[in-house]
Amino acid sequence: MNKKFLLSASDIPQDNWIDRWLPRSWRAYAKLARIDRPIGTWLLYLPCLWGIALAWQEMGRPLSATPLLDILQILLLFGIGAFVMRGAGCTLNDLWDRKIDSQVARTANRPLASGELMTFGAIVFLIAQLSVGLVILLQLNPTSCVLGLLVLLLVIFYPAAKRVTYWPQAVLGLTFNSGVLLGFLAVKEAISPAALLAYAAGFFWTLGYDTIYAYQDKTDDLIVGVRSLALFLGDITKPALAMFYVLTVILLIASVWQAGLGAIAYIGILLSAVNFSCQLWNIDLDNPRICLKTFLSNRNAGIIIALAIVLG
């Protein structure tokens with residue numbers, strides 16, 4: 001472990017189930033893939049559910065009329081895909097950032113930054129993760145496969161984006177919400193306006209929550225030269241977050257209207273707006289712990305939106 005920084009500053013939970021239950025040789029890989037912190041998997045998986053549910057609704061196939069095996073199969077495929085590709089993204093990100101991470105209090109004890117895991121082992125692990133992701137992708141139709149391969153280019157570019165632009169959150173938004181389109185295409189095989197609107201909503205949602213997340217590292221990022229919207233927006237961050245979330249809600253309303261959904265969908269979207277409002281009310285951008293707590297609350301917002309579309 002890197003002793004320059006207190007473990008209390010690290011984003012790696014100490015003495016959790018990974019340390020207690022996994023074989024010692026597996027632990028660094030599990031931490032590298034963040035399997036003990038599932039928020040990233042949730043934020044990758046939930047837009048997939050939006051897309052799947054929108055496609056089913058547009059086809060006039062409510063869940064009650066869809067064979068249970070079909071539902072479980074597609075949900076499981078995307079669930080495994082989200083889990084594996086989130087882990088692959090973390091591995092790739094940490095490979096890019098291992099030298100920078102060693103200089104940042106929150107990330108200094110990550111496996112690569114601390115020297116717990118060697119670069120070669122991480123590369124082999126990344127290849128294994130991408131191979132599993134490819135197997136999952138090949139279970140989908142050809143159009144989805146092509147889109148999935150294009151999204152991989154964004155996954156590769158994201159770590160570099162933090163070095164060349166103050167808008168890496170935009171790259172992340174395009175990447176993380178591609179599940180809306182992939183999920184939709186897996187069911188309907190042709191993108192509709194409703195799916196594009198939901199994708200755009202997810203994009204602005206990500207701009208909001210990842211800017212909040214970036215505030216945890218604002219001071220260190222200034223020192224090591226990493227760029228983010230947290231640095232770019234500065235004093236206007238709160239108004240910008242409000243704008244991002246307002247656009248998210250407007251685009252979601254437009255999406256469910258375009259899909260012809262009913263009152264329940266609109267009520268659900270308004271409930272997600274309440275979640276966003278609470279985030280803006282409670283956020284203290286100078287307090288990393290509150291920023292993390294606020295960021296984590298976006299899982300609930302995403303679930304509410306998914307249920308709104310499913311039940312709409």
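For all residues, glycine too, the Cβ spot is worked out from N, Cα and C.
TrEMBL has this to say about the protein:
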TRANSMEM  39-56  transmembrane segment
TRANSMEM  68-88  transmembrane segment
TRANSMEM  117-138  transmembrane segment
TRANSMEM  145-161  transmembrane segment
TRANSMEM  167-187  transmembrane segment
TRANSMEM  194-216  transmembrane segment
TRANSMEM  236-257  transmembrane segment
TRANSMEM  264-283  transmembrane segment
**Report entry** Cβ pairs under 8 Å between the transmembrane segment (39-56) and the transmembrane segment (194-216), at least three
**Finding:** yes
**Report entry** For the transmembrane segment (167-187), sequence-distant contacts whose Cβ falls under 8 Å of one of its Cβ atoms, 6 or more beyond its ends
**Finding:** 43-52, 54-56, 59, 74, 77-78, 82, 89, 140-141, 143-144, 147-148, 151, 154-155, 157-158, 161, 195-196, 198-199, 202-207, 210-211, 214, 227-229, 232
